[in-house]
Amino acid sequence: MGILVILVDLQCCRCDAKIRKVLGCLEEEYCIEKVEYDVKNNRVIVRGKFDPEKLCKKIWCKAGKIIKEILIVDVWPPPLPQPPPPCKPPPCEKPPEDCKPKPCHCCSCEKPKPKPKPCHCEKPKPCHCEKPKPCEKPPPCKPEEPPKPPPEKPPPKPECKLVPYPYPVPYPYAGQWCCPKPEPPKPPPEPPKEPEPPKPCGCSHAFVCVCKPAPPPPPPCGCSGGHGNCGCGIRPWPPQVWPPPPVCPPPPWCYTEDNANACSIM
């Protein structure tokens, strides 16, 4: 029959619950018959038909953090120590008149020590010190503020970039034509020549022939010299052509809507 004495702090509720749970799990496996809990002395006595060394190792493995010590004993509670035998003086071989008992040097026969005398010192005077003030309550813990997000960076200012532009060569100046000068308009065509007078018919009339009547003169065309829709057969003048509009150069700098007075550099 094996007996184990386990030293545990049974005043602690967690340690008490832990050792009860461990011993309850090992009760059937190791044939534990009886478990006694001595709360005053913080001891647990385990009895049963088991191998004490194996059960001791198992309990150390399961609850080693709360156990102070495990004792393997044969008998519990341990037997009380027997009182020492009374000291008997050795028999005296001399006559009883000369025989005196020798002093005994055993522990039980020694004379008791005298009791200490009562102290006649003066009683300590009561202390007139001020009572200690109660401790101030600590201020309540403030909840930790969440970390503030980093400030947002301002958006970058728009940069003004110059875009290459193919300038005409030579560079056009204001008030001048960007294209070659137009050719002057051609003069109007000459009016048709009048037909030559008919040759004389060979008669005796010197200046005017009366033999044949003279052909009638051609009717006026009424085109006022332009010959636009006239049927006189003369081509009309070409229409007037205006010079092409000048080519304006691109602006030398780009334009932004930012306030120019906001920054001294701008």
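Glycine is treated like the rest: Cβ placed from N, Cα and C.
Cβ contacts within 10 Å of CYS12 (metal cation binding site), excluding its own Cβ and spanning all protein chains shown: 12. The DSSP secondary structure for CYS12 (metal cation binding site) is coil. Taken from Swiss-Prot, the feature metal cation binding site covers CYS12, CYS15, and the record attributes it to sequence analysis.
Residues or ranges marked as compositional bias 'Basic and acidic residues' in Swiss-Prot: 142-156. Residue counts for the compositional bias 'Basic and acidic residues' (142-156) under DSSP (helix as H, G, I; strand as E, B; rest coil) come to 0 helix, 0 strand, 15 coil.
Taken from Swiss-Prot, the feature domain 'HMA' covers 1-68, and the record attributes it to sequence analysis. Averaged over the domain 'HMA' (1-68), the predicted model has a pLDDT of 90.
If you look up Swiss-Prot, you'll see 129-156 marked as region 'Disordered'.
Helix, strand and coil counts under DSSP for the domain 'HMA' (1-68) come to 26 helix, 22 strand, 20 coil.
Residues near CYS15 (metal cation binding site) in space but far in sequence (CB under 8 A, at least 6 apart, same chain), listed by position: VAL8, ASP9, ILE66.
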